[in-house]
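Working notes, beginning with the structure itself.
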Amino acid sequence: MSLSINGVLCTLTVLILWRGEELVEACSCAPVHPQQAFCNADVVIRAKVVGEKTVDTGNDIYGNPIKRIQYEVKQIKMFKGPDQDIEAIFTSPVSAVCGVTLDTSGKKEYLISGKVEAGGKMHVTLCDYITPWESMSPTQKKSLTQRYQMGCDCKIVRCPSLPCAISAPEECLWTDLMIEKQVHGRQANHYTCVKRADGSCSWYRGMTPPKKEFLDMEDP
């Protein structure tokens, strides 16, 4: 009998450890190009975080309260989103379920992208594009108002392994992870995928919006 009980306890321990490991690794996000993150988001703002508190946002199916972190933010500029300023953003309380941790001193500026929930609240996760403003390249900052929106009809495809190629003319091949072994490589920092007159998409580099001659070209 004791052997049987020990076997059950051992099995339960393995299951608990496995579940714990699963919870730690529960938040998994595929890397995306900053332009794709901009196009996928409902809201994109530049802001400082000036406060934080834990709030109840309803109950789960078992009647237990659902807690979230509410960050109070001071919006500096909105690049995409509703007419009114964003004053608070919400996130899950732990990183295991994609909760985001931000500096609340008000000294650091962030670019924050996220989704709008019912009621107009902005919700962010680790899978959204959130980065210190100072870490962005001049081209990325300029593209938030001039170029990223131009390419939202295009699709940026990540190269998983070499060789790789696009499968449709409206795609741009993103190779930073494969060639430079980093998410924030040359294409992420300096390039935008824009649509041209013939419906195809191509990478464009430059601080200013593409000229008509580039948009009218038939070949990359």
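The backbone N, Cα and C atoms fix where each Cβ goes, glycine too.
TrEMBL names the disulfide partner of C201 among C154, C159, C164 as C154.
Noted from TrEMBL: C164 is disulfide-bonded to C159, selected from C159, C172. When TrEMBL is consulted, the disulfide partner of C29, picked from C10, C98, C127, turns out to be C127.
Disulfide pairing as given by TrEMBL: among C27, C39, C152, C98 connects to C27.
The disulfide partner of C39, as annotated in TrEMBL and taken from the candidates C10, C152, is C152.
Under 8 Å, Cβ to Cβ, and six or more positions away along its own chain, C193 (disulfide bond) finds H33, Q35, G151, C154, K155, I156, C172, C201, S202, W203, Y204.
Neighbour counts of Cβ atoms within 10 Å were taken for the disulfide-bonded residues C39, C98; the minimum is at C98. It is 14 Å from the Cα atom of K67 (site 'Involved in metalloproteinase-binding') to that of C98 (disulfide bond). Sparsest Cβ environment among the recorded positions C27, C29, C127, C159, C164 (other Cβ atoms counted within 10 Å): C29. Closest in space to C152 (disulfide bond), of the recorded positions given as C27, C29, N40, C127, C164, is N40, taking the CA atom of each residue.
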